[in-house]
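Over in TrEMBL, the protein carries these features:
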| type | residues | note |
| --- | --- | --- |
| REGION | 1-27 | region 'Disordered' |
| COMPBIAS | 1-10 | compositional bias 'Low complexity' |
| TRANSMEM | 34-59 | transmembrane segment |
| DOMAIN | 92-305 | domain 'ABC transmembrane type-1' |
| TRANSMEM | 96-117 | transmembrane segment |
| TRANSMEM | 129-150 | transmembrane segment |
| TRANSMEM | 177-201 | transmembrane segment |
| TRANSMEM | 222-241 | transmembrane segment |
| TRANSMEM | 284-306 | transmembrane segment |
Amino acid sequence: MSTVSTTAPARADRPTDPRPPAGRRRRREQQWPAYVFLTPWMIGAAVLTLVPMAVSLWLSFTDYNLFDPPHWVGLRNYKEMLTEDPRYWRSVGTTLLYVVVAVPLKLGLALGAAMLLKSLGRGRAFYRSAFYAPSLLGASMSIALVWRALFNDGGTVTEVLGSLGIHTGSWVGDPDLAVYVVVLLTVWQFGAPMVIFLAGLQQISPELYEAAALDGAGRWRQFVSVTVPMLSPVVFFNLVLEMIQSFQVFTPAFAVSGGEGGPADSTLFYTLYLYERGFTASHMGYAAAMAWLLLIAIGVITLILFRTSRSWVFYADEEGR
């Protein structure tokens, strides 16, 4: 008995087409105009942002003073800042006090104004514009100087308080009150977060309030059980923005203190001290190191806010999944 073995004929390898599929080619042809239009922005971002950041990082490890060539000093600027410079820590403390006081007050006033506007019928557009106007004006040096005059000795605010029997003297010249002049100027500019809060309030379904009312909830309970949870993503958004901006406050502090952080360093904010070391004392390497520590601190605090937001920010779309 013979066994016949059959072997399948070897298949010739099919030639592969080195060209990409037609769909991929079509997508590339459709995308290249977008890259062309993005090129100026990418070049601008590299030249105006990335390159200066890299240079400032390098300068933070040098003794650059604007006049002489920079020399590498390693971590000396950072060591001096953290262990040998008491004014640095004073500026950190002043800035933290400002952030802790100004941000909650500003967001609270913005939320209250947004809820008031939502309840209005006629005149909402007028009041919205009136409330928003300080946000357009308050960041200017001229308004900050007017604010300084209002709280100075003989200013309108001190005169009004004096007529009421509250004799405070000059807030600007009082080490215990000067920082609160900057706080009040910041809180006065509540228009931007107010507009964002108003947009968030208008997105809350009236049916939720109706259901809460049927359950016997009063206005306060509706605010706590409906408004706050549904508005928490907007609160989180405003909180992050205001926190980042508050750590970088400069113009009001410069105007109120006359650029010196006085009296007794009570308005020596972080950015004001950075400006003083970099442009007044010409210690640009030290100022660059301060800028990088500020960037790291803001990044860490922002990361903490994002991580902790999981426990208090309510997203309706995620709840329904």
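Quick reminder: no glycine exception, Cβ is built from N, Cα and C everywhere.
Take the transmembrane segment (96-117) and the stretches 34-59, 177-201, 222-241: counting Cβ pairs under 8 Å, 177-201 has the most.
Within its own chain, the transmembrane segment (222-241) is flanked in space by residues 103, 107, 110-111, 115, 193, 196-197, 199-201, 203-204, 208-209, 212-213, 302, 305-306, 309, 312-316, which lie at least six positions past its ends and keep a Cβ under 8 Å from the stretch.
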